[in-house]
């Protein structure tokens, strides 16, 4: 709880309770309000729809709609429950309400914030006047103005949020079970996440279908000093453009199948012809045939809104969208920037003045645009248009002034926002572009024309403060790039000083990055800027997408899920339909559409919407129920990738234990019949890397592995295999014999359980070993692990040397220490091991505790390194002070620093572990000028 210590922001001795979302925000605001204000935080949402069946109160468990948490038979009335971890917060807030005269709900001013305010109102049931306090930056003037000018709760915004919440619940809870039954457990479908996954899968399909084409070109280094000794620069490069009047083909002249789009219009050079031209032109005298000079002007970029901030932070700072929003949240709550969830590029008059003043002070009058620049955009589905994201206050603090107050990430993002805002009020960049055409003859008689293009910036204008980055996978040229050419005139002679022939391959379309995916979603009108970060995180957490560098790569599971949805629920992942649904949801918020009618049509069907809409197809419920039995799980999980050289289809099958290759081949034991041939697929193999040649290699790898010989001690065969997680060796155990009358051997396992029996020993190959060359001796060493080094005489505990997933280590009881090399596993002595244990425990790669499953970056709160460890109840993240279990959907190998720090922050916010909460009680909520909802 925070109380103000400044002069009163209100009148008289009226006591006011101000509720915000976060403790940080509460502390900051309390400092700006008077002693008559008590500021407390709700720590986010205090209630929501049930998360699972256990959350549903007993009185509703028998209801047919209970699993949804929405009474679809009673106007789609939501069932709200107070989160168990928030009950103490609610009790505390109710206690504070007893000692105040007014309640100010000061949550964020968007849909989500308005909904939090409404839920607080419904849960706390205050008996004092209630006002809505709204601000978009946490500065003293803004907070005082908001306190002095409160408004009423905006029920239209609450309705907008609640409708989306209900829609997403219906979509997810009806469609996700289809994926569980037909693809794999723990998968999920969502209104936006499924479309985002489809966009990424579609791009990978394009890459897989792509056929590369080869072409050659000729580059000349031309010397202008032969005719003008003062030419600057004297030498420049030019590309061969035409040969005997025919344009030389470039990559853009080929289609995705590697064929020319207009074969009659271009000339494709091969290595021989390009080389001959280069040789024939070396030393040739050429002349300028045309000079075209144009003025160049570039206007500044608009200030940031949520989506453009995420895109630019990804390109320039390499931040994920989740990381960007987390940092921006901290900057906002500490009063450094305005609210970071906005789709507006507008600046207030005071912000424009602040930006212009700072640009004038830092760069000079000539760098400031003559008049204030205002950036407006027509946003079809804009929500609560605030200001753009900018530095807070009427006078901006420069990054240098905040250097000591911000951590590294905060400083970098603030600097980006500050630069973009100041640059938006600066003058245009100006310069000239120059295009030259240079012609001549090759020694073999061909008439050739070279092109050269240049750009010179004569006045940088806003580029002095800020240059936007380009997407690294898409390519392109930045706005401040210059390419200078000499000032030549038509007819002027130039010599070909050097020529080179270069070969090229056309490239498949680039994979999406977080930045380009956000841009694509925005252009399609799908989702909202405030949700893009969580959507990208969700599709990675669910295993649909993984990052390879900055590229988003779909998994084979994503292919199966998208294929199922396209084939059986096509409208749900149709881009235009999803965008149109956003329009309709906004019409509800604007009062142009009745919420209950719209939800009824969507779920149960009706005449609502265009031909082919979900409503006209009978509604979501019928669509799911009617299609479920008709979905062939094997067909859905079979992705045809290509035909082999004999015309046999090759499929990737998505199995319960991962994807694998399969094709049908002749069965030598049964002439005239066929049998499946299978091959493992490695986890790190991306879909577009699977070629017919690689498939043949994988099929040729024996499933039973490469036999290394017989273990002389056991008589078991030892084989080397290549598995999903890399190469390993294992022993082949004999088939169990049938049991005797006593049933002690060969007893069949109970239904649903795997047969019991000895498991084969296995061992991963060292990094220094190769699957093709590993020997029986190597394998037996690996299978002998862990190796007993000796017994510690002080503790009487056994010390072993082992090979873990993340490297070699020693283990003594629960105390483990990393080893420097794999060879030490077999060579380290007891004395050497004891010396290692005699050293103090260290973090990181020399950690003294059990070797971590994975090492991460530093936690932004504690500043200490985070690691993933394997605990009694499963993997957890720790910074040495706070432990937080990984949750459903979190994966040790793919969890990000942002997600790990989020888990730690959530664990800190929940405080010490509490005893099990009592059973939830449900009660009807009182209407507040909107449709009623159940709550508990």
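Cβ from N, Cα, C; glycine included.
Range annotated as region 'Disordered' by Swiss-Prot, chosen from 633-660, 661-688, 689-716: 661-688. Ranked by how many other Cβ atoms sit within 10 Å of their Cβ, the recorded positions 173, 339 place 173 at the bottom. Around the Cβ of residue 341 (site 'Interaction with DNA'), the number of neighbouring Cβ atoms within 10 Å comes to 25. Between the CA atoms of residue 542 (site 'Interaction with DNA') and residue 180 (site 'Interaction with DNA') there is a gap of 12 Å, rounded to the nearest whole number.
The average pLDDT the prediction assigns to the domain 'Toprim' (15-139) is 94. Closest to residue 339 (active site, O-(5'-phospho-DNA)-tyrosine intermediate) in space, going by CA atoms and restricting to the recorded sites 45, 164, 180, is 45. Rounded to a whole number, the distance between the Cα atoms of residue 165 (site 'Interaction with DNA') and residue 173 (site 'Interaction with DNA') is 12 Å. Cβ neighbour density within 10 Å is lowest for 165 among the recorded sites 165, 542.
Take the Cα of residue 165 (site 'Interaction with DNA') and measure to each of the recorded sites 45, 180, 341: the nearest one is 45. Counting only same-chain residues six or more apart in sequence, the Cβ atoms lying under 8 angstroms from the Cβ of residue 164 (site 'Interaction with DNA') belong to 111, 585.
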